[in-house]
């Protein structure tokens, strides 16, 4: 974590700018906030309204909940009121706020009681807070009231305390975004007196409410929650104001504890102390580790990881910063986070050593440079034992030179000696030769890992210089006593410069690593944003997790039955073993994480023997799946855990976006389906009426006047009944076909069919309907065989013929043309009608789409025939289209693949 203390915090600065931009032309929201009904929220709101009226403000009442307290209701007098809506709901008259009248009236300030209220179903918005959003967007200031149990994030907490579940809630963001929150607070004893006097509820409701909600313990708990929630909001506002200006001086509005930890085992004591203090003060706590860039041995790394895990276990926030001056970094970060208390270990000094007589430890420096943050010192009597073990660990493990490093050092020092010999031969003085050796030592530091080779090279450089370049040469004897000073200085200078070089090199490597990690996280964030589909989101996510932590990664997603589906796996290399999915234990760990929404596996206390580390893909308290990372060589380091957590969080957001997208699509489909149902009922009611009326009229004429009607007229009436009945049958067939396609129940039963026979059968079945038109059929002489569902293709041809007959003049010709084109068979139905308007061509195959022009048989049609044709043709893998003929009329053509 890299922090720039010299400039405003971008997060808080953006928050401030965003709020200012958002509120530029927007109304202001003021919430009168309380911990229970009866504390006086509405009373305080009405008092404030009268005060604003005295100042000359245009203020009106939008809605006030009727109260039992007469002194509250009396305050409504003298304030103009917008009439409420009276809505009849199942015989009960409901009074609702009329947002449209309020927007039309557009006062400066409006009073709307009960922010969390749920509107009646006939209202435009489901929730009253959405009505208030409309008022704010229109530039109207709003006063409203709210109880603590109606805030969404506190709903469960309040329910656990009171055993009463409140359904009417508002999002936390509505409360947090309010411009002002005024806490209305009274003592619980006074509230209980109001309650028993019947000033809050009617007498008949008092007993039931007293037994369930209005108990003294409940009211004290609710009061504390309300006070704390208000304090949290004020604290966040202070943070925005403070850090957006780059001001990092501590403003102790609430307690926050900073635990300073390191590689010492005694840091565990500091962590536990900070956690206990945070619990006592009801405050947050942060564990801070300052990475000075020094190399850590294996034991130090293990201890540090154990300390990091303890922080997570005890619920603290873990932060790592980088810097050489530990005390300075602690003070700066404490100021940045508005910390009021620092907990740090204090090392016992050994008075017998000169070093400790002059040296100041971190605690002393903190005390000297800080006068406004409390520092709590935890004695660390085991410091020297820990420090000794740390040094031994670094010498034995961290700085162990490899054979490759030894060879590098020997070669570099050999070359350095040869160059020094050359300089000496050319007459250069000893000081120049010494510089050559120092340069060689620096190169050794740069070329090898750790410091052991550099230290050995420093000693070797002094010995070689003494042996080869001082009198007597080729001997370790020194005649000139000044060299006794030169040699140690030469060795110390070489060591210091080499160490600094090594440190700079390590810092550069760390910086590059952090930069690479940040860049990768930025890339994965962009890719996840642009990913389409669950599979792509997961594939991108686990791929980049694997790259960042250099491990195999697995991802399980929840299926529709709320179980884990077949996993996605990404291996860091093709030959890597998939050990994280090979055993039942691993699956059990992943499933436990899925069910409980908590991490498990290697490095945790649950399924700790597992070979993988499992973390839930979680958003809004819903677990969408599980990410698993293989741990063949031990638990992940905290830095890598943080990376996995970050990318997993991004995956969760992307998956949630996909779920929302699918739900929106599903909602659109449902809305469209409802619209189609409405259109269908409207169309059918019109289209059934005409033929049924005709059938009824003809039948009644025959029944009542059968003997008086001549045979010819009677036959005409019977034919009319028959034709209308056939038309109704075709309509019902089309409706059934479309319903089957919608439900996915239509099965295409393909058989090899003779095209000529299918066309002939369709013409024969429909010829009696088209007596006023000539049907012409043109098929190739060669036999054409196609794999298709013959009965469905017949229905397509009949529907197209029916459509052509409706829009063609009597006596005109309708032609059916069939021909082969590449791998398809093309069917064309050509009429001599008026053609199709260019405006309706794109929609002609849509359901319930009908041409508004008058048709030949005066029947409007439901608008399903062409839609069914499209569904059938596409189910066969073909396409259907309509075009206009140049000489008048239209051509409907569709193709079917010939494959047998």
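For all residues, glycine too, the Cβ spot is worked out from N, Cα and C.
On a predicted model such as this, the values are computed, not experimentally measured, just so you know.
Of the listed segments 459-479, 522-542, 543-563, Swiss-Prot assigns transmembrane segment to 522-542. In Swiss-Prot, the feature transmembrane segment is placed on 482-502, out of the ranges 377-397, 482-502, 566-586. Among the ranges 301-321, 322-342, 343-363, 406-426, the one that Swiss-Prot lists as transmembrane segment is 406-426.
Non-local neighbours of the transmembrane segment (406-426) in the same chain are 432-433, 436-437, 439-440, 443-444, 447-448, 453, 456-457, 460-461, 464-465, 468-469; each lies 6+ residues outside the stretch with a CB under 8 Å from one of its CB atoms. Residues of the same chain lying 6 or more positions beyond the ends of the transmembrane segment (482-502) and with a Cβ under 8 Å from any Cβ of it are 430, 434, 437-438, 441-442, 444-446, 451, 454-455, 457-459, 461-462, 465-466, 470.
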